[in-house]
Amino acid sequence: MDVSDLLTSAGINIAICVVLLSLYSILRKQPGNACVYFTRRLVSEPVRGTGAISCFERFVPSTGWIAKAWQATDEEILAVGGVDAVAFMRIVVFSIRVFIIAAVICLFIVLPVNYYGQDMQHKEIHSESLEVFTIGNVKEDSKWLWVHCLALYLISCSACVLLYFEYKNITKMRLAHITGSPPNPSHFTVLVRGVPWSPDNSYSNSVEQFFSTYYPESYLSHQMVYGSCTVDKLMKDAERMYRMLKSIDPRFLDRSLPYCIPGGAAHPFMVLNLRADSVSSSTSMDRLQPSQRRKECPAAFVFFRTRYAALVAAQVLQSSNPMLWVTELAPEPHDVYWSNLSIPYKQVWLRKITTLIASVVFMFLFLLPVTFVQGLTQLEHLDQLSRRVPFLKGILKQ
């Protein structure tokens, strides 16, 4: 491959990046895509119109968002996205810095050594082959090979130093965030999965007996996880419809209700508010039969009196069987996918292994044919391949 081919390939990739960034800039301005690009803001704030943006501006790519994203400070990212978002951005910045250091060392130290590694008549730069810029162009047993070793040490040491300072800064920021934030119930809570089944006790009694025995001074209480039922699904659908209707003009609802809801003169939210007491009074968990109650799952949230006790319980192995009494720090309530907690922990473990095996199999199924095809594209090796595998001679010739 020549340098001109490499520049052409780089130009195509840059053009594709510019097109994708332009499409993103246009699509994020469309009102219909607000639920895709601004979901978090829509959940926390009521939906408002986009009258401030003209029709022409919505279809013209803009680069202002790139400058705003680049100028955002760690404090602003911390206030909007939390510590994890800041840590992710610091990883991106760290990668960019390492890439810049490696690029400078390779451009000004390694490439000249490779280019002048042998006594030969060079062509113009754009007509040169890429092989003259590699280590293969350096003479064997040449002292200039130590330049490559020095370059590797410089890049590795620079990456280690930058990684040390990044880790130190993120650790300080995380510690300041934890100590400065108000007490959160999740800091004192541990998620327990793989609760063993007992014919004599329920899951709730087993959890209470276990933690009362091993953590008598720090154990406070616990809350079992129950399987989802039809009522939970209806409540989720009702909450989703409420979010959709909350931003609609009430006058539009008044005009549309008589045609879609019997007795539409009354506002549906008012009817629900008036009937809330009657519904809660007529439907009680105490009146339900045992078969109608929600099924307990082998998972629970255990609450401790101190954060230290919760951290110790989350880190310590609770049982000799790694599939039982599995503990971890509880996530935030809005980060929990509740239906997954009802899955047995053994099944979760099997799913992880199955996913890993499927990924490895897919990697090899993809790697083998690609390697074979890439090998066929090396024309200088076709003669050797035809001599070693005679029955492929006709195919290789074509």
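Each Cβ is built from the backbone N, Cα and C atoms, and glycine gets one as well.
If you check TrEMBL, you get these features:
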type	residues	note
DOMAIN	6-166	domain 'CSC1/OSCA1-like N-terminal transmembrane'
DOMAIN	187-247	domain 'CSC1/OSCA1-like cytosolic'
DOMAIN	284-340	domain 'CSC1/OSCA1-like cytosolic'
TRANSMEM	6-27	transmembrane segment
TRANSMEM	98-117	transmembrane segment
TRANSMEM	144-165	transmembrane segment
TRANSMEM	353-373	transmembrane segment
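Cβ atoms under 8 Å from those of the transmembrane segment (6-27) belong to residues 33, 37, 58-63, 65-66, 126, 130 of the same chain, restricted to positions at least 6 beyond its ends. Counting residue by residue with DSSP, the domain 'CSC1/OSCA1-like cytosolic' (187-247) contains 31 helix, 13 strand, 17 coil. Cβ atoms under 8 Å from those of the transmembrane segment (98-117) belong to residues 132-135, 137-139, 142, 144, 147-148, 150-151, 154-155, 158-159, 162 of the same chain, restricted to positions at least 6 beyond its ends.
Per-residue confidence over the domain 'CSC1/OSCA1-like cytosolic' (284-340) averages 80 (mean pLDDT, predicted model). Residues in the domain 'CSC1/OSCA1-like cytosolic' (284-340) partition by DSSP class (helix H, G, I; strand E, B; coil) as 18 helix, 13 strand, 26 coil.
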